[in-house]
Amino acid sequence: MSPDVPLLNDYKQDFFLKRFPQTVLGGPRLNLGYCAPPYIYVNQIILFLMPWVLGGIGTLLYQLGILEDYYTAALSGGLMLFTAFVIQFTSLYARSRWVTVERMLTTDILAEEDEHEFTSCAGAETIKFLIPGKKHTANTVFHSVLAGLVCGLGTWYLLPNRITLLYSSAGGTVLLFFFGWMTLCIGEYSLIVNTATETATFQTQDTYEITPLMRPLYIFFFVSIDLAHRLLIMFIISTGTAVTSYFIPSTVGVVLFMTGLGFLLSLNLSEIVFGFKHSVTGHRVGTESKALPNGLEKQFTWKEYLFYSIVLVLALLETGLLHHFAGFSQNSKNSPQAIVGYILMILFIILWILKEIQSVYIFGIFRNPIYPKHVRTVTLFLEKQTTLMKIGVVRRILINLVSPFAMIAFLSLDSSLQGLHSVSVSIGFTRAFRMVWQNTENALLETVIVSSVHLLISNTDIWWNRNLDTGIRLLLVGIMRDRLIQFISKLQFAVTILLASWTEKKRRKSTTTLCVLNIVFSPFVFTFIVFSALLSSPLLPLFTLPLFLVGFPRPIQSWPGVVGTTACVCADTVYYYQMVPSLNTALQSAMAAGSLGLLLPGSHYLGRFQDRLIWIMILECGYTYCCINIKGLELQETSCHTAEARRVDEVFEGAFEQEEYARVCSINEHFGNVLTPCTVLPVKLYSDARNVLSGIIDSHDNLKEFKGDLVKVLVWILLQYCSRRSNMQENVHKTENKGKASLIILPPLNTSPQTESPEDTDSLNSENLDDWSDDVFGEEPTIKKGKEEKDQLKVLPGINLPIPGSVESQGVGKHSTGTVTENSLYQAVALGYPATDKGKQEAMAYIPLMEFSCSHSHLLSLPEEWISNCLPNSKVKEMSSLFPEDWYHFVLRQLECFHSEENASNVVEEIAKDKVLKDFYVHAVMTCYFSLFGVDNMIPSPGHILRVYSGVFPWSLALDWLTEKPELFQLALKAFRYTLKLMIDKASLGPIEDFKELTNCLEEYESDWYIGLVSDEKWKEAILQEKPYLFSLGYDPNMGVYTGRVLTLQELLIQVGKLNAEAVRGQWANLSWELLYATNDDEERYSIQAHPLLLRNLTVQAADPPLGYPIYSSKPLHIHLF
């Protein structure tokens, strides 16, 4: 990207300068972008400061000793309530007057940018501009009451005497008083006057006016909790203690309740309930079966129900027995709980080691010496990974069975559960008993830390031991662990942003100042990162530059709506759809073994194979299950996409394709990248190979053999079709047909000889007009989309082709794959179609009645409509010499429809001698041959091959006849495509030795191949049906070469790496911020340009539409990890 391209263009800079002050101040529009009267700005300032004035009256009376603090709050709140009603009714009155001159009601989000004409300081247009008013009358009342309540509490909270007593500093009192009232004014303005656009708003329409409540509710909760924290805590403690003591008087009952409830809540309850309903009703819900690809509707079996039941019973038995019978020694180092603590420490170390050796890198830095160094095939990888898989099984047993029961023993032996239960004990231990199952690895870490601290600090007078029970300690350690992990990830993201800005040569000059400022003010940057981690908010880099802000708290999912319902579906989506079931199975093994590291909700992984990029996000985790979402990114790579994909390949190659003589423990050369390689997964998918066919499709010898091979393939396909057709029809009653002759209309082949005139040849030869030049029109013909796309291969029968250039003219391809543009098909046509010489039609008029000489010939009889005549007898007689009779007899002997007949060999010989049946096939085959090539013996050109392969046939007399028979048309097209594939195979693998090898080759095409166009609907169907091979012919106009594309279904290795989750959240937050505040949706904007360290472009693609554009997004997929 050029360094001269600005982050924002001039228009969007103006928009940003208008929007940003409005957001900061809560709604006042102090920069309109056009000339407005001064009273517009004065009125907004007065309305903005109104709460401060009203609160100041009460504050002054309190400071003078006239009113008590609560009366002061009531007075300020009442004045604010009255003022809010006055403002709202003023807006209603102005709107009632202004509506008479209103031209159009609009809810356009850009309406605020329109210029307004103001007539007076208190005119209707002015009031409507300043105070838009509420949509609903209920909100007018509710927002006004809330404004009074917030103002009253705010006045009480910001009383100077109270602040001075709290902080004992006059300077602190002044600062807090000033900024506190500024905050209150911002909240009140957005509530009762005008609302700014919120960065946390997911939807463009706010039907119920929720957005104005955001700022005042933050203020209300903060102030109310600070004022009433003691009463609130006392109430919760009293209520919680009473309820616990009354309903669960036994300590054993409390422990059993916590254990059972924690286990049940950690299970995948939605899937369990669905499986139970399915087992009861005996049928599935229809919508569910359509929601997931084949192979993903895994149901809970009775074994899983039995497993969960046994685990629950054992957990309850262990908890109850240990709590009731075990002793509770005060000597912490010799108590049973301390002994279990030692066991947990050893178990944690073992599990940590087993987890690290499963991945390619240890700590993401050092190359794992046990991991296979260089793997290219699935077989070799599985052989080398056998040891790791065994280790993974041991690790999974330790996590799912050993660790939870060990931690239950630790919790059950705690002395805090022996006495009277308080709210802290109930909250702390309820969470602890659930975390044992919900997130076993994190719970084990927290338990080990608490146990270690308890053993190291034996002094009971320390606050940690005296005031906190084990449950609260575990809760605090869990919070610190979560925030510390977020802090480290955010810090890595911030450092990566700085490095990216400095290493990007195009932007180094413009970002040097920002980098220096970040270093100089590093304590403040550090504070922002800490604050962002504490709030669990994304760290937002403006325009992905080293200018950091704390983003609005967002859910881990980051995007609203149901997962998997939005994607930019295209023709390439089917490749992801096919691979997801196999990928789901491979992820199950990798997650269970620990190859993907610690599984946490919100984690992101990136998979790579050839041109496919798979984005995997963990939605939730629990006991023995994990719920994920899989997205597929676009295959048509742009320059930015290609640059980042190349870096992804480099990162994976450096990890997985090391030489055998490489160092035992090398360093990750791409440690600063947001992507850390994890493992490779064996997945059944299609590999995509594209070859240049130069030297094959344009070879004179190959094209010469092509015409002879086409006749043989036509014979084979028609015989196979009729053989299958006879098997599907009803059984023929042989006794009824034995003595009866089969009357068939047959065009005569041996009529009186006629001289072949030049006019016959000229009128039938469409090639003489040169309307089929070698100038091809791209990889495939242009095909109409929309509704016709589903019927690309369907033939529209009974439609004759009009003269080119007429109003109703259509491409010939309409009869096959779709409508082709006239410029593409007739670009070289200088004349109309040749006129048919009607004087020659009498040669086709006489059609005698013929009968089969063999009673079994009806099994291979062609449909009657296929044997009608459309060619002069002279041409039929001439072409019949090209018919391969020896091949015809050989294929007859190979047919399976005679195996059930008695004396099958004799039946075949009789049918082979049936001249009538053979003449039928000669007529059908050669008519199709004529439709594909014409009657000359000229060698077809490569352009001709491509056009016919694409379904665009040359014009001839036989074309109308063929297009009126859809099935025969498709069979002819299939034969042509099979012949092309045969020509390529013969050129690549060698010639065909005999008829048997040719038959085997054609049978393989029929069973294992789909040969057609990428744009065909049947191409997608073949992928979903997992045909082993697919082939398509194309043309590259840029290189001027013919290309062949082969998809091969096989089990291949997908490389998977883990992304920095905070880097993803931060870039997605910036994406939302840019589009919402700066309307920065330029396709070439800086913040979505490629950057190898940040993978910026790929991250933007993976966002949910409309901000991102993944071409595939799966429904939530539940993976069972045991």
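Counting starts with 1 at the first residue shown.
Placed from the backbone N, Cα and C atoms, the Cβ positions cover glycine too.
Just so you know, TrEMBL annotations never went through curation; they're auto-generated.
Residues annotated as compositional bias 'Acidic residues' in TrEMBL: 757-771. Among the features that TrEMBL reports, domain 'Pecanex C-terminal' is placed at 960-1114. Per TrEMBL, the feature region 'Disordered' maps to 747-771. Annotated transmembrane segment per TrEMBL: 39-64, 70-94, 140-159, 217-240, 246-267, 305-326, 338-354, 393-413, 484-502, 514-536, in sequence order.
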CB contact flag for the transmembrane segment (305-326) and the transmembrane segment (39-64), at least three pairs under 8 A:
no
Candidates 39-64, 140-159, 338-354, 484-502; stretch with most C-beta pairs under 8 Å toward the transmembrane segment (70-94):
140-159
Positions whose Cβ lies under 8 angstroms from the transmembrane segment (514-536), at least six residues beyond its ends:
482-484, 486-487, 490-491, 494, 498, 501-502, 545-551, 553
Before we move on, state whether the transmembrane segment (393-413) and the transmembrane segment (484-502) share at least 3 Cβ pairs under 8 Å, counting only pairs 6 or more apart in sequence.
no
Same chain only, please: residues at least 6 beyond the ends of the transmembrane segment (338-354) with a C-beta under 8 Å from a C-beta of the stretch. Say none if there are none.
332, 391-392, 394-395, 398-399, 402-403, 406-407, 409-410, 413, 441, 444-445, 447-448, 451-452, 454-455, 594
